[in-house]
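Contents: one structure, followed by commentary.
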Amino acid sequence: MNLKFLLLLVLAMVSWGISWPIGKMIAGTVPVSVLVFWRFLATFLSVIPLLVVMRIPFLLKTGKDYWNVLVGGIIYTFYNQFFFMGLKNGLPGAGGVLVTTLNPIVTFFIVVLVQKKRISKRQVIGLFFGFIGGLVILQVWKISIDYLLLSGNLFFLLCSFVWAILSLNSQSTGKSMSPVTYSFYVYAVGSVIELLFCFNDPSFWKVWDMGFSFWASIFYLTVISTTFGTTVYFYAATRLGSEIASSFIFIVPLSAYLSSFLILNEVIQIPVIIGGSLAILAVYLINSKQKKKEPNL
């Protein structure tokens, strides 16, 4: 991986972090399905110039490719639903730390189960630290159904699992299409799905009465965070593998928490910092190369 691509990936992850407080600012303005539709449609339109300028073919080669992007669109629709449902009641900084620290751990765990990969002792220790870190971030000593729902943490947990599946889906398309083409179809599918659920909603056209702040937030979430950030991430997943690409997500928690503090004055929580640190350590242990070969389990 060259330095230029590394910097792009880092910037993409930072843009994701900032998307958490930005998303919080508009999460309760209109129904979630309406919000996700306009985000998807705007992102779909913003990807078209990339296809044209970069001369990337948008036609897919096989029926399997169309099936994969259909599944990817469905998965990404679920992710965005959970994202805004969690932000509606939850804290963006804490949610950003929880989701993005658990993502690479959940992805690795699913890869091990599905592909039956052998894992080293170091990776087992990493999974343990990740599990403990997740419990600390969730403040497991307070756990109840009401707490999970009111804090938004239940939806944030679902975000982690859904994104892990999306990472594997995008990786499976890596050899047959460009990540930009994949993004184009995923957002198209997502737009159609959400349109079916929100077209008759009274709030569907009310978004045009929203002020500058709303549309500035939509612009950030579509062009900067989604078109740029997600496309770079999908590219990394196809070229590096979903496990390695997911490890870069450890950059997001700090930027999410810091930006939430600066933009929304979110109170810093010690359990989130401790749990996030444990989860980042877990990601390091899972993905770091070892000087000496360790026995597999």
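Every residue gets a Cβ built from N, Cα and C, even glycine.
TrEMBL does not curate its annotations; it predicts them automatically.
According to TrEMBL, the features are:
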- 6-138: domain 'EamA' (DOMAIN)
- 35-54: transmembrane segment (TRANSMEM)
- 66-87: transmembrane segment (TRANSMEM)
- 93-112: transmembrane segment (TRANSMEM)
- 124-141: transmembrane segment (TRANSMEM)
- 147-168: transmembrane segment (TRANSMEM)
- 151-287: domain 'EamA' (DOMAIN)
- 180-200: transmembrane segment (TRANSMEM)
- 212-237: transmembrane segment (TRANSMEM)
- 244-264: transmembrane segment (TRANSMEM)
- 270-287: transmembrane segment (TRANSMEM)
Could you tell me what the rest of the chain brings near the transmembrane segment (35-54), counting residues at least six beyond its ends with Cβ under 8 Å?
26-27, 29, 77, 80-81, 84, 180-181, 183-184, 187-188, 190-191, 194-195, 198, 204, 207, 218-219, 221-223, 226-227, 231
Sort the residues of the domain 'EamA' (151-287) into helix, strand and coil with DSSP and give the three counts.
115 helix, 0 strand, 22 coil
Could you put numbers on the helix, strand and coil content of the domain 'EamA' (6-138), residue by residue per DSSP?
112 helix, 1 strand, 20 coil
Report the mean pLDDT of the predicted model across the domain 'EamA' (151-287), rounded to a whole number.
84
